[in-house]
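**Q** Got a structure here, written out as structure tokens. Questions coming.
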Amino acid sequence: MPAISHFQHFKQAFPLGVDASWQAIEHYAELDSSLYSWLADAGSLTERLMANCQHFSVRVIGQDVLPVSDVERQALADSKYFNPSADTQYMVREVLLCCDQQPWVFARTVIPASTLTGEERQLATLGEQPLGATLFNAASMTRQNLVVASFSANSLVSQVVHQRFDEEGAILWGRRSLFHLSNKPLLVHEIFLPAAQAYQQND
Ligand SMILES: C=C(O[C@@H]1C=C(C(=O)O)C=C[C@H]1O)C(=O)O
């Protein structure tokens, strides 16, 4: 796990965005088994984080109606229920998932305006409640298209939690999934930050 030299404070950079070259998880079968198990886990990341620390919290970096990248629009267009030409407004939520006050995950969720209707309007007012609690308690929830990417640690983390790394070339790993609630899509990115248990190699 990359050593962290200076932990200062959360820097409210919003929106940070996530620019990556995503690959199917099978492409990374050679990764350390601990890291792979976190990246491939089909369950709620919130629940797994809660099980691995004393105090779990969500720190909202920002939330707003914003333009999204072509890559994100294309990922949402993989949903058979979504029409990118009809839906041009997206709510973007970026948070840090913290374990015992340490940021373990940077998460960015992109929700088309057409998803924020009916029951799903509650997704716009989550605040510091974890999105996972809503997703994994919904009978209509489905998840597909899990893909994985690596990130240069310094470029991402220094913008999010103002940390530096002693190790040159330290990289972080993240995943992206396409969820549906009541057949309405939302795109969730989760990037494991240096403190995450995902980097604790199995003995
Ligand atoms: C999708 C989940 O929700 C988590 C919580 C999020 C939030 O509160 O914004 C975002 C991504 C997830 O890591 C989950 O728990 O698996």
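Glycine residues also receive a Cβ, built from the backbone N, Cα and C atoms like all the rest.
Please treat TrEMBL annotations as automatic predictions, because they have not gone through curation.
Bear in mind that the values here come from a model prediction, so they are computed numbers and not experimental data.
Sharing the feature lines straight out of TrEMBL:
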type    : residues        : note
BINDING : R93, L131, E190 : substrate binding site
**Q** Going by DSSP, is L131 (substrate binding site) sitting in a helix, a strand, or coil?
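**A** Assignment for L131 (substrate binding site) reads helix.
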**Q** Long-range same-chain neighbours of E190 (substrate binding site), Cβ under 8 Å, sequence gap at least 6?
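**A** The list for E190 (substrate binding site) reads L45, L97, V105, F106, A107, G174, R175, R176, given in order along the sequence.
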**Q** Around R93 (substrate binding site), which residues of its chain at least 6 apart sit with Cβ under 8 Å of its Cβ?
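**A** When sequence neighbours closer than 6 are ignored, R93 (substrate binding site) has V60, G62, Q63, A107, R108, T109, I111, L126, L131 within Cβ distance under 8 Å.
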**Q** Where does R93 (substrate binding site) sit in the DSSP three-state scheme?
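**A** R93 (substrate binding site) sits in a strand per DSSP.
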**Q** Around the substrate site recorded as R93, L131, E190, what other same-chain residues have a C-beta within 8 angstroms of the site's C-beta center?
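**A** Near the substrate site, beyond R93, L131, E190, sit E94, V95, A107, R108, T109, P130, G132, V188, H189.
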**Q** Provide the three-state secondary structure of E190 (substrate binding site) computed with DSSP.
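**A** In the DSSP reduction, E190 (substrate binding site) maps to strand.
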